[in-house]
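Take a look at the structure set out below.
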Amino acid sequence: MGIDPEVLADVVDAPDEGDEPVPESDEFALLPWYKRPSAWWLISLTPLTAVATACTLAPRVEIYTRLACAEIRPEFTPLTYREASAPQHLALAQPFGDFGLSSKYLEYEVDFDRPLPRSNTSGYEPAPNKLPPTTKQCSSDPKVQAAVSSLIAVMGTLAGILTCLTTAFWGSLSDRYGRKPIMSLAITGFLVSDFNFILVARAAKYLPGGYRFIMFGPIFDGLLGGMSTWGAASHAYMADCTLPHARARIFSLSMGLLFTGIGIGPTLGSFLIRATGDLLSVFYLATAAHIGYALFVFFIIPESLSKKSMLENRKRVSENHDNQFGFFLRVFSFLRPVATILPKRVVVPGTVAQTRLDWNLTFLAAASALVSFLFSSFQIKFQYAQAQFGWTSEQLGYWLSAVGAARAFHLMISLPLFIKYFKPKPPIHLPSSASEPLLNDPASPPKPATAPVKHHSPKFDILLLRLSLAIEVVAYSSLIFFRTPQWWFIATIVGAFGSGFGPALQSIALEVYARRGETEAGKLFGALSVVNSLCSSILGPMIYGATYITTVVSFPQAIFVVSGAFLSTAFIFSLFVRIRDRRADGTLDEDHVEYTDGDDAEPQAQVDREEDSDDSEATRFNP
């Protein structure tokens, strides 16, 4: 999700004590510009890699469908001219598993090099006694759809589990040995996954397990941390070489360029498929982009951490882990930040010693986790659109770009305008006593000028969060009843206008966290990232996959019922969030809650944004 400029205004414009250079700046100052670390090294290529990745989203599901159909329904599969004239025979192979479907492995070859047919019958020479093959036959077959859903669920779950278990390890390793080696490892995982996908698409019959061998790519990628490790290392790189007060701007710019690429990529992929007639052409493009990016990281980008910092980090980590529980602490270190969002005991207003638990952050984290389930449903949406409407990868690409454009328009134009015109105005600060004059005495010395205080209304953010959730609830609920592609398209576009949930939740969570007297915003977003990853990468694929497999024949719209239930529950959790606005002088309302930790200290309005980025939100796209 994007970050709204109004939401970040307090961060960017607030007085900051971090105007001094970053610690390593003196060491790199004497180096030539091409050897100095800079966030622009990574930002400059963000749109290119986003376009290359986004253009493969829709074709990936269609290739899954064709590969599964070639084995389960060989009579639907287009054969090459060589196979059409040669006698067919069976080939023995041991699959990894049949995902609950019994299948005999029939030797086949899906011809991705042949131009796509312009109609249901032209462009192929079918085998004798075979009906002309159509993509719609495969995409609408229940057994094929169940097999594809199982494959997606298994790959997503395995990759999610491995990513959750390894991201913390690789992230810690980047502090000790540098950001560049870890980014290199992560992009190596991307390349292995790309090459494995192309290999399976072209030669599945020669591989053990057939098309199921495609799981090797996500497994290898997950062991190297996947997108989460890449996001953590790249954000740490940008934080290393960016002044504290500018980090929010850099992260916002990076995400804006990311979503720009996501909006352009699907349409570019559709044009490329139409021009070449080759479904794999977009994967060749994505692989070439990843190779170029890998060479850029391997040989051009300079390291952002000094050798001195790496040695200090190694020494500190070694001292912390020199105990009998060190191994177990490292294994479960990915769960450590979750304690940040647990309820905290507070003093009840109007009392001295009576306390209660404050659940605000817990409710916000629960709402965020429920919404993150939807991130794992987009490939199932592709299957649904292909099966119900007969959409091709080209049409899916146009739809994805339309949704991305609507989301970008809302985040960059309509949402900021809504905030500008409907955000409550700051109250006028009147004299605190009757004896205080309204005007300063000319004879009295002037008071020193103070920086203007930005008025922040948490209640307005909560309203924005609930409104965004309500829009998505209505949109997903309508998908259950809309059976025509036109109305389905409109409903998904409307749902894109609920994307204000992310910025609003981040703003509210930071406000609650600051009022607790906490200053480590990175710890807060780390906790939200872990919870969201568990839901979107591990539980989500299993839930959506099992739902679609079970209901694909009788009620395929059940996946939207599940999404609506998640969103409705998140909306209910948001109703329990209670937070007071501040007065014009920066103090809270009289009935505000005081936290037991540091009651005498004024909660800090300026929070350290050193790691102010939620990686599961920054790198995911939920159409």
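Cβ atoms here come from the backbone N, Cα and C positions, even for glycine.
If you look up TrEMBL, you'll see 39-58 (among others) marked as transmembrane segment.
Residues annotated as region 'Disordered' in TrEMBL: 117-138 (among others).
If you look at the transmembrane segment (146-170), the same-chain residues 6 or more away from its ends with a CB under 8 A from one of its CBs are 61, 64-65, 68, 72, 99-101, 182, 185-186, 211-212, 214-215, 218-219, 221-229, 232-233, 330-331, 333-334, 376, 379-380, 383, 530, 533-534, 536-538, 540-542, 544-546, 548-549, 552. Per TrEMBL, the feature transmembrane segment maps to 146-170 (among others).
Per TrEMBL, the feature transmembrane segment maps to 182-201 (among others).
What TrEMBL records for 213-238 (among others) is transmembrane segment.
According to TrEMBL, the feature transmembrane segment maps to 250-273 (among others).
Sequence annotations record features per position, and here TrEMBL assigns transmembrane segment to 280-301 (among others).
Taken from TrEMBL, the feature transmembrane segment covers 327-347 (among others).
Under the heading transmembrane segment, TrEMBL lists 359-378 (among others). Residues of the same chain lying 6 or more positions beyond the ends of the transmembrane segment (359-378) and with a Cβ under 8 Å from any Cβ of it are 57, 156, 340-344, 465, 469, 472, 501, 505, 508-509, 512-513, 524, 527-528, 531-537, 539-541, 543-544, 559, 562-563, 566-567, 569-571, 573-574, 576-579, 616-617, 620-623.
If you look up TrEMBL, you'll see 398-419 (among others) marked as transmembrane segment.
Sequence annotations record features per position, and here TrEMBL assigns region 'Disordered' to 435-454 (among others).
Residues annotated as transmembrane segment in TrEMBL: 488-512 (among others).
The transmembrane segment annotation in TrEMBL covers 524-546 (among others).
According to TrEMBL, the transmembrane segment annotation covers 558-577 (among others). Away from its own ends, the transmembrane segment (558-577) comes close to residues 359-360, 363-364, 366-368, 370-371, 373-374, 377, 380-381, 384, 462, 465-466, 469-470, 472-473, 476-477, 479-480, 508, 543-544, 547-548, 550-551 of its chain (Cβ-Cβ under 8 Å, at least six residues beyond either end).
According to TrEMBL, the feature region 'Disordered' maps to 588-623 (among others).
Below 8 angstroms of C-beta separation, residues 34, 37, 41-42, 45, 48-49, 51-53, 55-56, 59, 63, 112-113, 180, 183-184, 187-188, 190-191, 194-195, 197-198, 201-202, 269, 272-273 of the same chain, each at least six residues beyond the ends of the transmembrane segment (280-301), sit close to that stretch. By the count of Cβ pairs under 8 Å, the stretch nearest in packing to the transmembrane segment (398-419) among 39-58, 182-201, 213-238 is 39-58.
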